[in-house]
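Visitor: Below is one structure. I have some questions about it.
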Amino acid sequence: MTTLKNDRFLRALLREPVDTTPIWMMRQAGRYLPEYRETRSKAGDFLSLCKNTEFACEVTLQPLRRYDLDAAILFSDILTIPDALGLGLYFETGEGPKFHKTVRTEQDVANLPKLNAKADLDYVMNAVSTIRSALGGQVPLIGFSGSPWTLATYMVEGGSSKEFRFTKQMMYAQPEVLHALLDHLADSVIDYLNAQIDAGAQAIQIFDSWGGALAHREYVEFSLNYMKKIIAGLQREKDGRRIPVIVFTKGGGQWLEPMITTGADALGLDWTTPLNTARNVVSGRVALQGNLDPAVLYGSAASIEKAVKAMLDDAYANGEKTGYVANLGHGITQWVDPAQPKIFVDTVHEYSAKYLG
């Protein structure tokens, strides 16, 4: 494999010294970029974009041409696993992802096939290996999956939801059925992420996008415990380097202490949790990632710089000089001016030097 020219992202996740704060952005390859929209138009639709190796590689690399980012993230979707399990993923304009089938009964769970990620999701693995090769060691490549809880919400609801009516009904009325589904999904995610690592992913993020919809005990029982199982089942070293794992529960800032028990190397934060508070809670046991409100990028250059500097001041307030990766607190939105993220990225690199230089 090609020698990695910029490894500060991996080093920060492992709480090793860095020369400047590494940064990447959730959803950095996305609709806010005109070149992304052009490529998606060529592909025809979102799923075709994900499943075409050449297009998936192209859109992964696009933000790296514009911004001085310290990591690339595989362009794909968290719902590839449910799709491969036979639920029939499709997208309706303005309504987000939907499935032709739902999973709502014990028999539905029993009918789910065992995932063979290398065969069933070969297009993802082809994309990972192609992107890794195209990067040429420029920056590390992040692989990812949704958490079992988050995947289950889509599978039970049949698409996106704000109330999770059917999933929570299952959780309280038939918890054993939900546990069976989550266990099946945890095994699927382990296979999927290990296949990504074999294909060339150098770090992993688990997106627990809907963990924040749960009460405390339910979060631990139905989300966190399954992420713990996944991390215990992952290949943690490849080509002589550790494969760091990031857990990101949106709305999960109150659960940092239990999250540490997952075995993750780093915890992602949304913008509702102050970084200095989070630093004090984790006390150097894990790295942190985040957590600029994506809406900040709607502002002026001066307001973006001010917000980024305040974020970095919080991140380094307790004197720690590493164990931090700058990011947004959630995905960048399609309405952001492509000029604005450059201000974010450059300010992170320039201003953090006062703490790390």
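Keep in mind that glycine also has a Cβ here, set from the backbone N, Cα and C atoms.
The substrate binding site annotation in Swiss-Prot covers ARG27, GLN28, ALA29, GLY30, ARG31, ASP77, TYR154, SER209, HIS330. Annotated site 'Transition state stabilizer' per Swiss-Prot: ASP77, in sequence order.
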Visitor: How far apart, in Å, are the two Cα atoms that lie farthest from each other among ARG27, GLN28, ALA29, GLY30, ARG31, ASP77, TYR154, SER209, HIS330, the residues recorded as binding substrate?
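Guide: If we measure all Cα pairs in ARG27, GLN28, ALA29, GLY30, ARG31, ASP77, TYR154, SER209, HIS330, the largest is 23 Å.
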Visitor: Return one of helix, strand or coil for ASP77 (site 'Transition state stabilizer'), based on DSSP.
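Guide: Reduced to three states, the DSSP call for ASP77 (site 'Transition state stabilizer') is coil.
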Visitor: Looking only at Cβ atoms, how many others are within 10 Å of the one on ASP77 (site 'Transition state stabilizer')?
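Guide: Other Cβ atoms found within 10 Å: 17.
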Visitor: Could you round the CA separation between ASP77 (site 'Transition state stabilizer') and ARG27 (substrate binding site) to a whole angstrom and send it over?
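Guide: The separation of the Cα atoms works out to 10 Å.
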Visitor: If you count the other Cβ atoms within 10 Å of each Cβ, which of the binding-site residues ARG27, ARG31, HIS330 comes out on top?
Guide: HIS330
Visitor: Pick out which of the binding-site residues ALA29, TYR154 has the most other Cβ atoms within 10 Å of its own Cβ.
Guide: TYR154
Visitor: Helix, strand or coil for TYR154 (substrate binding site)? Use DSSP.
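Guide: The residue in question, TYR154 (substrate binding site), is helix (DSSP, three-state).
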